[in-house]
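Working notes, beginning with the structure itself.
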Amino acid sequence: MSGSDPYHDCTSVSPECPVEATIYGYAPNLGANVFFCATFGLFLAANVLLPFKYKTWTYGSIIAVGALAEVIGYAGRVIMHGNAWSNAGFEMQICCLILAPSFFAAALYLTLKDMVRAIGPQYSPIKPKLYPWIFISCDILSLVLQAAGGATAASANTTKVSADGGHIMLAGIVFQVATFTFLYILLFLFIRNLRGNKHSQTVEQSAIMHDPKFKTFAWGMFIASVAIYLRCIYRIAELAGGWKNKIMQDEISFYVLDGAMVLIAVAAQTVAYPGVWFKPIVEELPLREKRLESESDGSGVVGGTQV
């Protein structure tokens, strides 16, 4: 970058262009990045194959795209291990690793409507059908901001433009955290209403809520959401200090608070796969509704849609 950056023309490590002068201040560890690249590759393969068995095309595709972005991002860091000044490696990792968690968040949002419908739509602060509309729309906006910021930073020719790109990325991640926070508030209200009015929960809704399969799926989605949330908070701290700050140049914290958190999220979303643990329940909802209508006044859950 030009302007005040004396290393603008650096393309490889040399006495004039030391590793310490790069944005991260280090050459990424080869073993760690190969591990993350390979592990995300396994989850990519799993989420490409699982929809063929369980017909969860939308959910599986979204997770697969996110996992692919992680693979490309860590491949970029592997390139940077060989040459810490590699512009191609930097562009691959800054764009893909920033964007990937937005896809995992979108997959979470996709399941909300049916989860609420299954155990008690009457307790939700908003109509179940609004969950995907609100949160996926917010996720798309966050994704656009992060993509614009990443592209700006990766192609910047001046220090100022690079800083502007970082600020745009930061705005996207802050918005993503705000979206998750709003979601947690809604879920808190939902759980509070449910616990305070259990007498109004139907037998069918109670049975679903206590179903071990549903609990497995719900815990998996919760763990994934917390992992993504923590990762986003880390990224805010990392980007808030500008390029080359101490947090950004701490390699260990990156692997623990970004790499590991995102890996936990995709692992939870794959192990607690909706096709295995939740989709059978969703498919039974219309039958449960009809059964309930024949036994009572017709109140109860609404038929779910395939995730």
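Each Cβ is built from the backbone N, Cα and C atoms, and glycine gets one as well.
Taken from TrEMBL, the feature transmembrane segment applies to 30-50 (among others).
Annotation comment: TrEMBL describes 57-76 (among others) as transmembrane segment.
The transmembrane segment annotation in TrEMBL covers 88-110 (among others). Within the same chain, residues 23, 58-59, 62-63, 65-67, 69-70, 72-80, 131-132, 135-136, 139-140, 142-143, 146-147, 149-151, 153-155, 169, 173, 176, 179-180, 183, 221, 224-225, 228, 231-232, 235, 258, 262, 265-266, 269, 307 sit at least 6 positions outside the transmembrane segment (88-110) and bring their C-beta atoms closer than 8 Å to a C-beta of that stretch.
Sequence annotations record features per position, and here TrEMBL assigns transmembrane segment to 130-148 (among others). Cβ atoms under 8 Å from those of the transmembrane segment (130-148) belong to residues 95, 98-99, 102, 105-106, 109-110, 112-113, 116, 168-169, 171-173, 175-176, 179, 183 of the same chain, restricted to positions at least 6 beyond its ends.
What TrEMBL lists as transmembrane segment is 168-191 (among others).
What TrEMBL lists as transmembrane segment is 217-237 (among others). Outside the transmembrane segment (217-237), and at least 6 residues removed from its termini, the chain residues within Cβ reach (under 8 Å) are 98, 101, 104-105, 108, 111, 115, 170, 173-174, 176-177, 180, 183, 247, 253, 257-258, 261-262, 264-266, 268-269, 271-272, 274, 277-278.
According to TrEMBL, the feature transmembrane segment maps to 252-278 (among others). Same-chain neighbours of the transmembrane segment (252-278): 32, 36, 39-40, 43, 46-47, 50-51, 53-56, 59, 63, 66-67, 70, 74, 97, 100-101, 104, 107-108, 111, 114-115, 213-214, 216-217, 219-221, 223-225, 227-228, 230-231, 234-235, 238, 307, counting only residues six or more beyond its ends whose CB sits under 8 Å from a CB of the stretch.
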